[in-house]
Structure formats: structure tokens, C-alpha cells
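Chemist: Here's a structure for you.
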Amino acid sequence: MSPQTETKASVGFKAGVKEYKLTYYTPEYETKDTDILAAFRVTPQPGVPPEEAGAAVAAESSTGTWTTVWTDGLTSLDRYKGRCYHIEPVPGEETQFIAYVAYPLDLFEEGSVTNMFTSIVGNVFGFKALAALRLEDLRIPPAYTKTFQGPPHGIQVERDKLNKYGRPLLGCTIKPKLGLSAKNYGRAVYECLRGGLDFTKDDENVNSQPFMRWRDRFLFCAEAIYKSQAETGEIKGHYLNATAGTCEEMIKRAVFARELGVPIVMHDYLTGGFTANTSLAHYCRDNGLLLHIHRAMHAVIDRQKNHGMHFRVLAKALRLSGGDHVHAGTVVGKLEGDRESTLGFVDLLRDDYVEKDRSRGIFFTQDWVSLPGVLPVASGGIHVWHMPALTEIFGDDSVLQFGGGTLGHPWGNAPGAVANRVALEACVQARNEGRDLAVEGNEIIREACKWSPELAAACEVWKEIRFNFPTVDKLDGQE
């Protein structure tokens, strides 16, 4: 055999299956600043050692396959393979452990969340040797972060565009979410905006259905925006949902929104997909549109504690892909959300640098290297009695969104909006005066009721409403 045709097999290639840990478990490895780091919650099948399971995750999410192949000899596995570099037990869980995996940056296409997730949370989640697998956190290195545009505008630019400072923004999702005609929908938008809200919102499943085509909705909502702006002297917006069946149609809807001169559009980033979302985010930056992101489908992925992907990972992915707002739970409303865990990923959305803090579920220090921040949106089962807690939990850089908590007011949409605005202004003023919202919240709301009949009526309607259910996805060590 000539040297030109010599194969790996002829110089010692050995076919067959070998244990993953022989190649992919490397506890001596020192991580690099350019590595993408992942923390997986691994539940191996009975009889599978933790080291083998962790190595299997590293292999199947990077360069490995189920058997040895001769083409391994045509590249440098040592350069490209993922490495399980540390394993630790999970408190209170005998069958689970956390496996830390480092991925070389060269494994990923620049500026592509789609490609990053295809590797890290791809086929490995169906691997038979694992009973369950969950991605708890990712460390995105600055070298990779810098390949993304990120949010179209970010928190400070949004405040400058809207001329709104020193308080959370107020929103409302129009209800019923499906079934209204475009004209009646626009009327509901107008009533909410003139009552004092900053934004109204399409529900996530409002796209372009037979009862209300998208173009008609956009036109009537634009009319509502301009009319309410003229009456109040404040800049208003409505999240026009541009989500569509194709990227081309999505961009067409965003173009029409820009032509109408409205300030913001919306996208369902998980059902629409990261490729579509990044495309829309780029269009929004180039054309001066803010981008509101809904997380429909997230609970399919993130709610179960032992399998899937934690929302903090989806939040980081959204900041890379692009969005100026994203729904982030409420802690106090009808939807799932542990307080410390929620505050952890809220910081990951807003702040430029976030230290590792396992008490809040943050496994890695994250440096965003000046990537614009994202406003967290608190939405789902909240009303005026929640306003002190929401203001205290989320702070000024947030959007507090009341759907039923606005439209369910006994006097109508505009009085419902007035009630929310009065409650918010009262809470912000009390906080600025040094009062403790966590302790005095109810008293602050009762005081405001004395000079706002709209707020008093809202407080009477919702005084007994509670959503007292335990959180499913708790941090480790919590009972």
C-alpha cells in the first residue's frame, strides 16, 4: 500500500465501542475563558456510573457518537471535543448529580443561537443511558457574546424613546384573547391607553385568524395609539404580534408596523424559533422598532425539575438572539415562578455583569460585555393588591402587565387602567419616601384608594383573589 492511500486502520485503528469516560471525562481540565460552559442535571439509568453519564453528555453534545469511527483520525478530537470536567451531587437527590461540561468555541457558528442549541440541547436529551437530563445554566464567554447583536435597543434607549423614567412601565394584554373583531379590539386598546397605561398587548396566539386579520388589527390599534397619545400627552404603544407561519410573512408585518409609525412589535420567540427571532431583532434595530418577546411554550421545556432546560438558559438565549422585553413570571401571580430563581434570571436579563450565586440558581459568573439589557415583564394573574410586591421585587426596570387586572374592572377598561396607574404611582412615591413596600404595601394601597374611586373599586373586586399553589421547580435544598 502506498503512503498516499494508507488508512487509519492500517496503522492501528481499532473498531468497536469504548466507554465515553475514557475520552470525555477529564477532571484535570482547566476551563478556558473562551469555552462555553454548561451545567447539566443528570439522572443516569440504573447501573450507569456518574462519570460515564457525564462523559456521555459531553460526547453526544459535541464530537462523539456511539462507536469508534476511523474518521476520528482526520481531525483533532482533543481540540474539538466537549469535556465533562466536574461532577457534584445534588442535595437530597440520590439519583441525580450536576455534570459540568466545557465546549470549545470553535464548535459553534458565530451569532447563531440556533446552532448553539442544536449541539448542546440536541439529540443528547434522548440518549438511552440517561433517565432524564436538564440544562441548568450556560456560561456564554465574551468572545462568543460579541458575535451577537443582542436586543434591538435595550433598556436605556427604550426609556429615551418613550420619555418614561423612574418607574416600571405598565401594560395590559387585551382580553378575550381570541374572538374580538379588529374594530372592537382597537377600542379596547384605546380605552386602556387613555386610562394611563404605557402599553397594551396582543396575546401570544393572536396572529391573523378569520375573525381578525393582522392588517386590520394593526390599523385599528395604530388609530388607538395616536388618539390616546393626543389626549394624554404621553407616548403609547401596542405590542403588535408579527409572529407568522414564515419568516417572510413575519418581516412583512413588521414592515407594515414601521410604516404606521408605531413604536413596538412582538414575537413569540420559542414557537417562532430562534432564527426567525434573530432576523426580526435585526430588522427592529435597523428600523427603530422596539421588540416585545413572549415565551409561549417555555413551560413545556423548563417546568419539570429533572428534564428539559431551565428558563435562565432560555433567558440568556433570548438576550443573545434579541428582544427588548421578555415575559419572566411574576412570583406572586397565577404562573410558576420561585422568587430567588426568578430574581436570578431577571438580573441575567438586565445587568451587564452577574456573579455566580447558587442561592439564586446562577451556576456561572456571566459577563455580557455591554450587550444591551432586556426588560423583564411580569404578567399573569396580577392585580392592584400585587402592585407593592411587584414594585419591590422587580424594581423600576420592568414592565408590569395586567390583563384581567385591568379589563376586569367593574367600571370598564379605562377605569381599570386608572386604578393600576394610581396604584403604581402611589407605590413608587412611597418607596422614594423611604417606606417599606414589603411591610406597608397594603396600607399604601388603602391610602391611595381614598382619593381614587377607580382604585377603591378595583381593590374591592380583587381583595380575596389568591393563587396559593406550591412552586414545582424549586431551587435545590428548598422544601
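Cβ atoms are placed via backbone N, Cα and C, with glycine included.
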Chemist: Suppose a student reads Swiss-Prot and sees Asn123, Thr173, Lys177, Arg295, His327 listed for substrate. Which of Ser76, Ser228, Ser370, Ser379 should they find annotated at that same site?
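Modeler: The candidate from Ser76, Ser228, Ser370, Ser379 that Swiss-Prot ties to substrate along with Asn123, Thr173, Lys177, Arg295, His327 is Ser379.
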Chemist: If you measure from the CA of Asp203 (Mg(2+) binding site) out to 10 Å, which recorded positions from the list Thr173, Lys175, Lys177, His294, Thr330, Ser379 are inside that radius?
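Modeler: Close recorded positions: Thr173, Lys175, Lys177, His294.
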Chemist: Just to be sure I understand: of Glu204, Ser208, Thr330, which recorded positions have a C-alpha no more than 10 angstroms from the C-alpha of Lys177 (substrate binding site)?
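Modeler: Near Lys177 (substrate binding site), where near means Cα within 10 Å, the recorded positions are Glu204.
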Chemist: Which one of these recorded positions, Asn123, Thr173, Ser208, Thr330, has the sparsest Cβ neighbourhood, judged by other Cβ atoms within 10 angstroms?
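Modeler: Least crowded of the recorded positions Asn123, Thr173, Ser208, Thr330, by Cβ count within 10 Å, is Asn123.
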Chemist: Listing them in sequence order, which of the recorded positions Lys175, Lys201, Glu204, Ser208 have their Cα within 10 Å of that of Ser379 (substrate binding site)?
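Modeler: Cα filter at 10 Å returns nothing.
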Chemist: When the Cα of Lys201 (N6-carboxylysine) is compared with the Cα of each of the recorded positions His294, Arg295, Thr330, which one is closest?
Modeler: His294
